[in-house]
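Novice: Questions regarding the structure given below will be posed in turn.
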Amino acid sequence: MPCEGCMERDNKSTDVTMEFLLLGFSDLLCLRVLIFLIFFIVHLATVAGNVMIFMAVVMEPSRPPMLFFLCQLSVIELCYTLVIVPKALLSLAVVGGSTISFLGCAAQMLLFVALGGAECLLLVAMSYDRYMAICQPLHYRAVMSEGLCLRLAVASCLGGCAVALGLTVAVFRLPFCQPLHINHFFCDVSALLHLACTQSYSPQLPLLAACVLLLLLPFLLILTSYGCIAAVLLHVPSSMGRGKAFSTCTSHLSITLLHYGCATFMYIRPKSSYSPARDKMVSLVYTNITPLLYPLIYSLRSKEMRGVLRKMLRRKKIAQLH
């Protein structure tokens, strides 16, 4: 049964004029300034780190496949934070939360899911690259050509956009209960489904389908790739050789566990376990901390990335001297 105060979908005031109120962290008034400063500093560091990696890879004349994928990952993370953080900062600056239009909320959700989905699919492409490098080293350069890398990158983006569009349309066709207060700092899927005026589980089905397509299936493919890699490494006689081969996978594995761990905790669960306070804290890590950790992980653990960054800094020093 629909709840009292629902906004019917045929209501003339719905789509264009309807507004949501993002409550953000309005329940933590005494910590608002501190949270704002932390958000802002982390956001600047995230933007700087991802821009630095993007520029370093773009300036590199010969880019191996992993660096090409890493460049795309940096662009996704940069866009990801720009979609979420500015509105979150505004909700902290304004007492009582900030408003967002119906179309603005839909656009934010669409971009958020599309970028997150593209990242899930891109991590699959990166695991395939590691599989080819370790399990099929003689065919690696022939198979992982620039054309294939480009097709995988485009397919990741198109796949994420297709699933995001379907999920966003399904969510925003639902009637929403008054008052239109979203207890979150952005238009998250779970928060909007909690606002829907329905007691059935049918609104959860599009989210479940999106989780299967963007989380479960990609994660199974990644596990398959690493299962094959582990099987090959077990037959390597030298422990030094095994360690050297596995070290090329540690950065990708770290990012995969971070991304899928947070996303699984957020979206693969029953509606009854929804907790606004807990979701906001996990989302805080998911949308602010992990995009900052990605450049750090790759800069510290990837020998190729460290080499590219050193070249960029060397060129910068030479340019300053001249």
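Cβ atoms here come from the backbone N, Cα and C positions, even for glycine.
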Novice: Looking at the ranges 174-197, 246-269, which is given as transmembrane segment in TrEMBL?
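Specialist: Range annotated as transmembrane segment by TrEMBL: 246-269.
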Novice: With contact taken as 3 or more Cβ pairs under 8 angstroms (pairs 6 or more apart in sequence), are the transmembrane segment (207-234) and the transmembrane segment (106-128) in contact?
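Specialist: Per Cβ check, the transmembrane segment (207-234) touches the transmembrane segment (106-128).
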Novice: Based on Cβ pairs under 8 Å, which of the stretches 66-86, 106-128, 281-300 lies most in contact with the transmembrane segment (33-59)?
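Specialist: By Cβ pairs under 8 Å, 66-86 leads among 66-86, 106-128, 281-300.
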Novice: Do we see three or more Cβ pairs under 8 Å linking the transmembrane segment (106-128) and the transmembrane segment (281-300), pairs being at least 6 apart in sequence?
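Specialist: Since fewer than 3 Cβ pairs under 8 Å link them, the transmembrane segment (106-128) and the transmembrane segment (281-300) do not come into contact.
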Novice: With the transmembrane segment (246-269) as the reference, find which of 66-86, 148-172, 281-300 contributes the most Cβ pairs under 8 Å.
Specialist: 281-300
Novice: Report, as numbers and ranges, every residue of the chain located at least six residues beyond the transmembrane segment (66-86) whose Cβ falls under 8 Å of a Cβ in that stretch; write 'none' if there are none.
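Specialist: Tertiary neighbours of the transmembrane segment (66-86) are 39, 43, 46-47, 50-51, 53-54, 57-58, 60, 108, 111-112, 115-116, 118-119, 122, 125-126, 129-130, 146, 149, 152-153, 156, 185-186, 255, 287-288, 291, 294-295, 298, 302, 304-305, 308.
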Novice: Sequence-remote contacts (6 or more beyond its ends) of the transmembrane segment (148-172), Cβ cut-off under 8 Å?
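Specialist: Beyond its ends, the transmembrane segment (148-172) has Cβ neighbours at 65, 68-69, 72, 102, 105-106, 109-122, 124-125, 128, 189, 192-193, 196, 203, 206-207, 209-210, 213-214.
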